[in-house]
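Only one structure is covered here, and it is reproduced in the block below.
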Amino acid sequence: MNTATSTAYSYKVVRQFAIMTVVWGIVGMGLGVFIAAQLAWPFLNFDLPWTSFGRLRPLHTNAVIFAFGGCALFATSYYSVQRTCQTTLFAPKLAAFTFWGWQLVILLAAISLPLGFTSSKEYAELEWPIDILITIVWVAYAVVFFGTLAKRKVKHIYVGNWFFGAFILTVAILHVVNNLEIPVTAMKSYSLYAGATDAMVQWWYGHNAVGFFLTAGFLGIMYYFVPKQAERPVYSYRLSIVHFWALITVYIWAGPHHLHYTALPDWAQSLGMVMSLILLAPSWGGMINGMMTLSGAWHKLRSDPILRFLVVSLAFYGMSTFEGPMMAIKTVNALSHYTDWTIGHVHAGALGWVAMVSIGALYHLVPKVFGREQMHSIGLINTHFWLATIGTVLYIASMWVNGIAQGLMWRAINDDGTLTYSFVESLEASHPGFVVRMIGGAIFFAGMLVMAYNTWRTVQAAKPAEYDAAAQIA
């Protein structure tokens, strides 16, 4: 028995995280559709504090970023680090702890946020006891990941692991520094920082939660699963190394662009803007590297919907990372800030890049860890692809139109200097966009239900003996 386990990959924790990625994806995106409907039809708030938009919106963001995105990152990093190091996970019991610990974090978030327990910091709303639990789980994750790298059977550390490693270390630093707080009761604390300093620390964290959790981590996924699915080596390995160092050097500086025209010192705003513009180069370097990996394999897109998911995610990544630096320019930001354009930009990255690359990776990974040849139905993957693409496009386009309309209406003034439009008029103009956004989100959500069915049928058909056979190290 011991011999078998020592020569078999630790796939159990990968299977658990993969299944929970789909589950939390449905929960988080279902919540997203519901709060989108609340904006279109406010009576859906039901006049209850627990179901109000203000409490459910942070629950939605935490569910899709940390529950769906987090589980996807755990599953794919645990899978690819074993494969690229040709060794089993370091401390499999600790890896099991990261699974149960992370699910507990998600559960506590799902209970505390609707009850109104919040630090009020975006993407870091969870109160201090949960912050401590996150830190403990994250340290365990780092030990497992870097421990596995340390006992690798190959000399080289694959580039995907560099991205996963940077994501794990940076998120740890961001989480600890931004959540330094003084507890006053069991579920209430106050930030250690005040005023503009607090805002700066918050958006250094907030932007780099995007930069490292939702970008570097998912680039780790891209660098493993795109070459695997295309059956081609990375287009330029040298470019991938340059991409890595350039990205992690520049990204950490870009946070102030969230605070243009605020009390933040002007030099800090300008620095954030310049760094955001520089960021275009490494971002597009990575996107081009991923796309060009398909050189000689473009024909596969006709018959392989999994590869289509991965390639379209790269296209959305390219689009989002062009749009982000553009929106960081102060003159553009004067129009876009506080409007739905920002929401559209975020979802170009969240639905188009993060969700699509995760879905593509899961469709590749699930059959591998459950000992199946492929997913239950390739046709259903194709259906999911079109639902996801159409849903994303509707979502983004409606928010672009809304955002630019809002920005123009808010700044329009009459000859005597009074505002041309009242806020309510801009809200009325936004209503059709709210409805289209909800429809786009619902279409994307329908795709997740298709994925859940396909995954369930694939898992149901697998036998425990097949799991073991699939986990054997060749």
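Note that Cβ sites are derived from N, Cα and C of the backbone, with glycine treated the same way.
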Swiss-Prot annotation, Cu cation site containing His257, His258 - matching residue among His175, His207, His345: His207
Ser10 vs Thr383, membrane side identical per Swiss-Prot: yes
Count of other CB atoms lying within 10 Å of the CB belonging to His60 (heme b 1; low-spin binding site): 21
List of residues, in chain order, with Cβ under 8 A from that of His257 (Cu cation binding site) and at least 6 apart: His207, Gln269, Gly272, Met273, Ser276, Met327, Ala328, Asn333
The topological domain 'Cytoplasmic' (454-474) - residue tally per DSSP class, helix then strand then coil: 16 helix, 1 strand, 4 coil
Contact between the transmembrane segment (61-81) and the transmembrane segment (206-226) (at least 3 Cβ pairs under 8 Å, separation 6+): yes
Protein Cβ atoms within 10 Å of His345 (heme b 2; high-spin binding site), excluding its own: 21
Recorded stretches the transmembrane segment (239-259) and the transmembrane segment (157-177) touching, at least 3 CB pairs under 8 Å: yes
Remaining residues near the recorded Cu cation site, that is with C-beta within 8 Å of the centroid of the site residues His207, His257, His258: Trp203, Gly206, Ala254, Gly255, Pro256, Leu259, Gly272, Ser276, Ala328
